[in-house]
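Remarks on the structure that follows.
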Amino acid sequence: MTHNFAENYDIIVVGAGHAGVEASLAASRMGCKTLLATINLEMLAFMPCNPSIGGSAKGIVVREIDALGGEMGKNIDKTYIQMKMLNTGKGPAVRALRAQADKALYAQTMKQTVEKQENLTLRQAMIDEILVEDGKVVGVRTATNQKFSAKSVVITTGTALRGEIILGDLKYSSGPNNSLASVTLADNLRDLGLEIGRFKTGTPPRVKASSINYEKTEIQPGDEQPNHFSFMSRDEDYITDQVPCWLTYTNTLSHDIINQNLHRAPMFSGIVKGVGPRYCPSIEDKIVRFADKERHQLFLEPEGRYTEEVYVQGLSTSLPEDVQVDLLRSIKGLENAEMMRTGYAIEYDIVLPHQLRATLETKVIAGLFTAGQTNGTSGYEEAAGQGLVAGINAALKVQGKPELILKRSDAYIGVMIDDLVTKGTLEPYRLLTSRAEYRLILRHDNADMRLTEIGYEIGLVDEERYAIFKKRQMQFENELERLDSIKLKPVSETNKRIQELGFKPLTDALTAKEFMRRPQITYAVATDFVGCADEPLDSKVIELLETEIKYEGYIKKALDQVAKMKRMEEKRIPPHIDWDDIDSIATEARQKFKKINPETLGQASRISGVNPADISILMVYLEGRQKGRKNIN
């Protein structure tokens, strides 16, 4: 079929949420002529739900995005109103940064970045059709019948695909925040042969700040100690006049109001058909599932420095408006609250992610990539991480270069993508530290050491940043070597100083590195005894040193496990293997293999329902095929 294309691009990204922004910036920065099409230019990088970035596991993802050369970390470091390190009382594997964002400023600043980016065209357009010829993407068609050619297309439509907002008994076609839904494109994806699922998510009401009695709530301030998402941000730029959040709770009256109106709740009346998020349930769902709990936490989160809107985190609901007002006013501090926006639920179509490769390219159509909530995930950070990987791989495909696959041992982004393409998801997928078996080596403090080299090799990390990274890496390695070479002896003067600090005296000579393995001994304490490095160390290097030294034994065990799994990951499975040709594997395993088509032995081993015996048989089969080829040659 001959198309009359209005314009030609290397890559077209459909949707300008958090996934679309990262995908388009990555592709254009890698030298590809890129079009970013969105239904509404005013909603670029918009936050339709919580006004925050980061949190448990998610904060590590933002650091990973930054280390690879993505934008989210830099953007939130310019636009936050509060910064807080979570889980500081726990081990380093689960620590993560979280920022309250100035919602409007975040979107505005990201839009400016996109508008200034070379090779990137931003256009308001509804994409209705992905144009495909001979199983390959060739372009897109808009609702106004304009056609644009592309060698790769990335779909990042968020919750807009056949979106429907639900509020009480009201249900109507809409994307998030009453934007347009993308219905024709949803039909087109089905017609192209993609399996489609249906998910649901929700958002809480927003209340007017001046109507809140904060004296009845508990203040939740940010951190005084500087912290940043981007490895390029400087401590001297840390914002000190931060805006606090506030803590309050539901109570028995709140629960009574909900219970008395469950018949009007779409969650229970049968109006909601989509599957909702397990880890972010609606308040009505929480009251029913945890009926024994007398109260639930609610955080009052300002949506910006210059707005009255306050997000009531923990009160996601699709109850009717009148019930929402009564519910809000039953809560301590909100007795006179003015509701500025109602909470609502939204149902939307997703592309079932078992149809994707680890590059986020669909197996059905060459050159078609999907990312973000389109793939069944929840959260801005999960979306941005996928968008970055999809954009990178779309560009690499266009350029004829080797693809980028992040392994589970490389990044939380790799864990997420592997979970999606290997196991699929039956509900909106959220990243958790418990999903990562190698979480001790996937920490927030070492994201640059893990990923910046990759970002540099693919062209997303520039020379200036790479030089800063290499200097930090050299500082770390040199200081580690120095600490391992200096001996502390159990002489009386040394032990006296150690005891004065409240620590146990030495009984044997040990290196400064061994001394730092003691739980109470920080780098600052150790250098009191052995002196400092020749040049002052970056605070990020000091944090990395302390973690790597104190957890060295555990880290080594994790790296040994990674090495074993690497051997499995290196055993590739041919793309067009006939699974019926393999004798003796269990029926369930055969069915799963046919559905998912794993690309490596390692991926095959992680499919639920596949047991070690099936993997052993598959390994023997693959080795037999390889020997057969050698004999033929």
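Numbering starts at 1 and runs along the chain as displayed.
Cβ atoms are placed via backbone N, Cα and C, with glycine included.
According to Swiss-Prot, the residue from Q313, Q324, Q355, Q373 that belongs to the FAD site alongside G15, A16, G17, H18, A19, G20, I127, S182 is Q373. Summary for the binding-site residues A19, I127, C280, V288: the Cβ-based neighbour count within 10 Å is maximal at A19. Listed in sequence order, H296 are the same-chain residues at least 6 apart in sequence whose CB falls under 8 Å from the CB of F290 (NAD(+) binding site). Nearest in space to S282 (NAD(+) binding site), taking C-alpha to C-alpha distance over the binding-site residues G15, G17, A19, Q373, is Q373. The binding-site residues in question are R278, K286, and the one with the fewest Cβ neighbours inside 10 Å is R278. For E284 (NAD(+) binding site), the count of additional Cβ atoms within 10 Å of its Cβ stands at 25 [all protein chains shown]. If you compare every pair of Cα atoms in G15, A16, G17, H18, A19, G20, I127, S182, Q373, the residues listed for FAD, the longest distance is 18 angstrom.
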